[in-house]
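First comes the structure, then the notes that go with it.
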There are 2 protein chains.
Amino acid sequence: MHALEQKILNEGIVLSNNVLKVDAFLNHQIDPVLMQQIGKEFAARFKDAGITKIITIEASGIAPAVMAGLELGVQVIFARKYQSLTLKDDLYRAKVYSFTKQTESTIAISNKHIHATDKVLVIDDFLANGQAALGLADLIHQANAEVVGIGIVIEKSFQTGRDLLLNKGYRVESLARIASLDNEKVTFIK
Amino acid sequence: MHALEQKILNEGIVLSNNVLKVDAFLNHQIDPVLMQQIGKEFAARFKDAGITKIITIEASGIAPAVMAGLELGVQVIFARKYQSLTLKDDLYRAKVYSFTKQTESTIAISNKHIHATDKVLVIDDFLANGQAALGLADLIHQANAEVVGIGIVIEKSFQTGRDLLLNKGYRVESLARIASLDNEKVTFIK
């Protein structure tokens, strides 16, 4: 997706050969127009997949997921990383290990808003080692619903996540695929 | 806002005389069409206020804030409740006490994305005791920027937040104002 790649080149900051900071438009400050373009692109790629629901994870997945939900005409659920006071009824839970933070967290969604008939699109901001996407897929499988695809805003293609997800049979659509962050430079897979 | 009030009546769950659960369309599952309507309503109310930036707080404020940002043509920043690995440079920080959870948390925004010339609209999902909105306003004041107004999706008008914010001179625009949750029934201020 050209507009996203240009935004990454113009406003992304390469912190190391595996960390790209996109706080200027996705992870902290959010560019609503770019999010709308991203939502339209996800919708275009999955328009014939019969999606009935989108699931993402707080917080940075919410903006692209809601824009995709608007385009596809479906509800969006964001998995919470912690239980809140008003969300303590029946939950599906999964463990997610973060290689970046070297911590394990629990993510959860209510069993009220997902059903066995749902065809679900998973959306997340980044794909690196694939652990968050796998955790979200786990929640969907617990509901006996179907994971129709995984939509990623920025894929670090030099890490293992994409292959892990493809090997499990998931369809992965990434809007920007980064081949390398070496030498403080972003190189995309064309 | 009629559509929002109807949604609250149809899908909100009164858990006690001061807790309203709106996990069906705002706090966990998100209705993108309603969020777009909410964004348009905020934009209409603040269209002549010269807004240059919107600030909200993760996670439930993000969807309404991004939709408002799309309508107003401005960038959105979401304050983080925890520091993440890639957000450890210069931050504005504020303490926020949650009466619901009886805990104090730190919220923070990067000083890179807000400037003294900014005219900021604060957006949040709920207004109860006003502590989150005050914390966000504190961050904005630290940047010497102006708080032009505070936009709230659901105000619990029987709690102290609205008066607290009005007494400090802030303009408060709440799209649904709840007079009471007594007897498991939602009553709105008309």
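Note that Cβ sites are derived from N, Cα and C of the backbone, with glycine treated the same way.
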Taking A:ASN10, A:ASN27 as the options, which does TrEMBL list with A:LEU20, A:LYS156 at the xanthine site?
A:ASN27
Select from A:ASN27, A:ASN129, A:GLY130, A:GLN131, A:ALA132, A:LYS156 the binding-site residues whose C-beta atom falls under 8 Å of at least one C-beta in chain B, and return them in sequence order or as 'none'.
A:ASN27
So if I draw a 10 Å sphere around the Cβ of A:GLY130 (5-phospho-alpha-D-ribose 1-diphosphate binding site), how many other Cβ atoms end up inside it?
26
Maximum Cα-Cα separation (Å), residues A:LEU20, A:ASN27, A:LYS156 listed as binding xanthine:
15
Could you check which of the binding-site residues A:GLY130, A:GLN131, A:ALA132 is the closest Cα neighbour of A:ASN27 (xanthine binding site)?
A:ALA132
Distance check, please: Cα of A:ALA128 (5-phospho-alpha-D-ribose 1-diphosphate binding site) against Cα of A:LYS156 (xanthine binding site), rounded to an integer number of angstrom.
5
I need the neighbours of the 5-phospho-alpha-D-ribose 1-diphosphate site defined by A:ALA128, A:ASN129, A:GLY130, A:GLN131, A:ALA132. Which other residues of that chain put their C-beta within 8 angstroms of the C-beta centroid, in sequence order?
A:VAL96, A:SER98, A:PHE99, A:LEU127, A:ALA133, A:LEU134, A:GLN159, A:GLY161, A:LEU164
